[in-house]
């Protein structure tokens, strides 16, 4: 009773029961008011009034539910307004837990954003492919040698794969386990590849703006492809073959995760292993750190140029646009704490789903 499966705990271990001898009381037009006192600082978004719902089966103990209860807060007091009588308590949810309504809105935002990004990246790739064919031979040869355009196209392809696999991860979470594992592995590989191509963009930018001369590297694009496509794919394939259980159904806990809510499906095909999740975060952190250092170096160069020429607005606009290609907005994933949690999650979802 004092702790549930989502690591939520009851405030002060206090459970209050209210009953009438006449039997079960529910659906009250005027809700009853129950007050719980406390002497600690609470995060009001994570302290929720709940009641104990017995299990339907003989072997089920039951669970906490918030149906029919509203929560208000005053200094040192949590006030519950419920339309029925039973056992009541205040459940302290783990930090960083979203409500079902927030999860639903974030799901809609990410679905719309990823759909738009997938369509935009596909159209851009088709335009780049078709625009290179009808031109005169000299310009064609010059364009084919343009590694900058080729790197952009590889990044677009990685983002297209990432968006499509993400959109598939939710509907396939209700299907066969093997298919969900394959989808999760594809999503993981596409994420690692997209981040790697962002690092390739940063490296190429470094060569263009910092090392202007003597930047010829033999089989340059092939080496970038081995790094950005080959290494992440090899790592995911090895993990899938030797330890396939790290991929599968990933349940997203919400502030009403103890309820049978149907607002939005809370399962995805994704990583199920915490070590694999943290390894992915470290991988992303190292890439984003490198990209930020490159951007800082480029900003210093442009500042020096500005002092000499006085007009570098176009260059600054170019670098600001390249921050999208370098994936700096993915760094918001490392600011999930305190008052930044909800704004960070929404910013992260909006900006990164629309990156394509």
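Positions of Cβ are set from backbone N, Cα and C atoms, glycine also.
Curation does not apply to TrEMBL; its annotations are automatic.
Here TrEMBL flags 1-98 as domain 'GAIN-B'.
Per TrEMBL, domain 'G-protein coupled receptors family 2 profile 2' is recorded for 106-356.
Taken from TrEMBL, the feature transmembrane segment applies to 151-173 (among others).
If you look up TrEMBL, you'll see 185-209 (among others) marked as transmembrane segment.
The transmembrane segment annotation in TrEMBL covers 221-242 (among others).
Sequence annotations record features per position, and here TrEMBL assigns transmembrane segment to 276-295 (among others).
The transmembrane segment feature in TrEMBL is assigned to 316-342 (among others).
Here the domain 'G-protein coupled receptors family 2 profile 2' (106-356) has a mean pLDDT of 83 out of 100. Looking at 151-173, 221-242, 276-295, the range that has the most CB pairs within less than 8 A of the transmembrane segment (185-209) turns out to be 151-173.
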